[in-house]
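In what follows, a single structure is set out as structure tokens and then discussed.
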Amino acid sequence: MDNISSIIMFTFSGLDESWTNRLIIFVFTLLGFILTIVLNLTLIVIIILHRTLHEPMYIFLCNLCINGLYGSTGFYPAFLYTLTGSNMISLSNCVLQIFVIMTYSLCEFTNLTVMALDRYMAICRPLHYQTVMTRVTICKLLIFIWLFPCGTTGVSISIMLRYPLCGSHIDRLFCQNWALIERLACQEDIVKHIVNGSFFVWFNLLVAFLILCMSTCLPHLIALVNFIILTIFDALFGSRDGPKVLGKLMSVASIVIPPFINPIIYGVKLTPIRTQIKKHFQQIQS
């Protein structure tokens, strides 16, 4: 029986498609990657170029798009490489992908939460907004958005690597924390307590964040509900006892859909963003 000290390569067994189907999936995946990059970069550039958008709300939105690019680059290139026929990944690259995807997911939560708090202050406490949301406060919140997920993920991965692994076959499409913990860990009961406890804490926090968002504005609510639903379905159907096909689809959807749909939601719903995008397209056409 192998353990973590002897396992240096993992094998993905979640993709058993023919070369024709792989090619079709590759094309659509590549198009999705390109569209995700274009949509997020468009909002980032629009916000950076226009000083009227240098407000806390749009700064946090810009950070949300940066996080979307960060998460997409952690998934798409490796998945595209897997589709070319190589189902192997090294331990170090697998751990790196887990770190990127976990930090991306947690950054999504923290960023949307900070955006909701910003809107709450602007709508419910407008007289105190300017004195509270200073440049120093914005910088502190941006640091929190990234530092908390990175610290939490680092601790989680370090705990995970302390336990021996009894296998090297990952029945998923990429290196995912749930897959490694539940399918490869020898001391399954101990690790499950850690995972279930973490999930319980995050679920309760999400309920509180959702209630807060309902008192702010529609785009934040749509973005957060979308991400919560995908994450919960991934946790439910990505377990050992869940349907395999549905589990694989939900694990991918929780990473692919938010970075793609968030720029569309905010680009359509927020009038200042929509106005600037229209101006740029009119300038290009003329």
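Cβ from N, Cα, C; glycine included.
Record features, source TrEMBL:
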DOMAIN    39-148  domain 'G-protein coupled receptors family 1 profile'
TRANSMEM  23-49  transmembrane segment
TRANSMEM  61-83  transmembrane segment
TRANSMEM  95-117  transmembrane segment
TRANSMEM  138-161  transmembrane segment
TRANSMEM  194-214  transmembrane segment
TRANSMEM  221-239  transmembrane segment
TRANSMEM  245-268  transmembrane segment
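The listed stretches are 23-49, 95-117, 138-161; of these, 23-49 has the most Cβ pairs under 8 Å to the transmembrane segment (61-83). When DSSP labels each residue, the domain 'G-protein coupled receptors family 1 profile' (39-148) comes out as 97 helix, 3 strand, 10 coil, counted as helix, strand and coil in that order.
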